[in-house]
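Participant: Take a look at what Swiss-Prot says about it:
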DOMAIN    88-233  domain 'THD'
LIPID     K20  N6-myristoyl lysine
MOD_RES   S2  phosphoserine
TOPO_DOM  1-35  topological domain 'Cytoplasmic'
TOPO_DOM  57-233  topological domain 'Extracellular'
TRANSMEM  36-56  transmembrane segment
Amino acid sequence: MSTENMIRDVELAEEELQRKARGPQGPGRCLCLILTFFLLLAGATLLFCLLHFGVIGPQNEEASTDAFLGMKPVTQRVRSCQTESNKPVAHVIADPLAEGKLQWLKRRANVLLSNGMDLVDNQLVVPSTGLYLVYSQLLFKGEDCANEPLLLTHTVSRVALSYQSKVNLLSAIKSPCQKTVKGAREASPWYEPIYLGGVFQLEKGDKLSADTNYPNYLDFAESGQVYFGVIAL
């Protein structure tokens with residue numbers, strides 16, 4: 001067989017293959033290719049938009065850290081501050097077994113007394129002069145208002161070495177039973193939180209206390225929801 005005949009046979013075979021490709025299956029295959037192309041194009045466009053507008057991709061490290069710190073319990077955040085600065089820090093919680101009084105615990109999980117802070121006679125003792133953040137939270141609960149108004153008080157007081165008298169630094173009054181009319185409604189439980197906080201210039205040896213007029217209404221259902229603390233700034 002001559003070379004020209006061989007080339008001619010190859011050309012005829014190619015023409016036959018092209019003719020078969022343009023047969024009944026040709027339009028179907030073209031349609032599939034077109035659909036596949038558009039799907040890939042749409043997917044690429046969607047991915048670009050998501051990356052461009054920040055819907056997906058690496059998260060901001062600072063924002064993630066702030067969110068994580070916001071979820072930390074109070075004592076963990078206080079402990080973090082203490083570790084970084086080595087300044088006086090105190091965070092104590094109430095004794096749930098103390099009947100009829102608000103008694104702060106010195107040795108318990110989630111209690112922190114560091115860098116000179118101490119709890120003496122149910123009072124936090126300041127070890128050095130400076131600015132301090134003072135805070136406290138009480139949570140009250142009751143089964144009913146007993147058909148009469150109820151005024152709950154929460155105070156944080158200071159006794160300084162320079163003058164041996166108690167002075168209120170922070171105070172608040174709340175009533176869970178306002179406008180109660182005798183026999184006007186059925187008994188229903190109530191809950192009332194009171195949070196206090198402020199920054200003060202304190203002196204070495206100052207004694208701080210947190211009290212309430214109705215300790216019998218304190219809610220100890222959850223550990224750590226009644227607390228008292230001081231942080232040096």
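Placement of Cβ uses the backbone N, Cα and C atoms for every residue, glycine included.
From a predicted model like this one, the values you see are computed outputs, not experimental measurements.
Could you place the listed features in the three-dimensional structure?
Facilitator: Residues in the domain 'THD' (88-233) partition by DSSP class (helix H, G, I; strand E, B; coil) as 3 helix, 72 strand, 71 coil.
Per-residue pLDDT, averaged along the topological domain 'Cytoplasmic' (1-35), amounts to 53 for this model.
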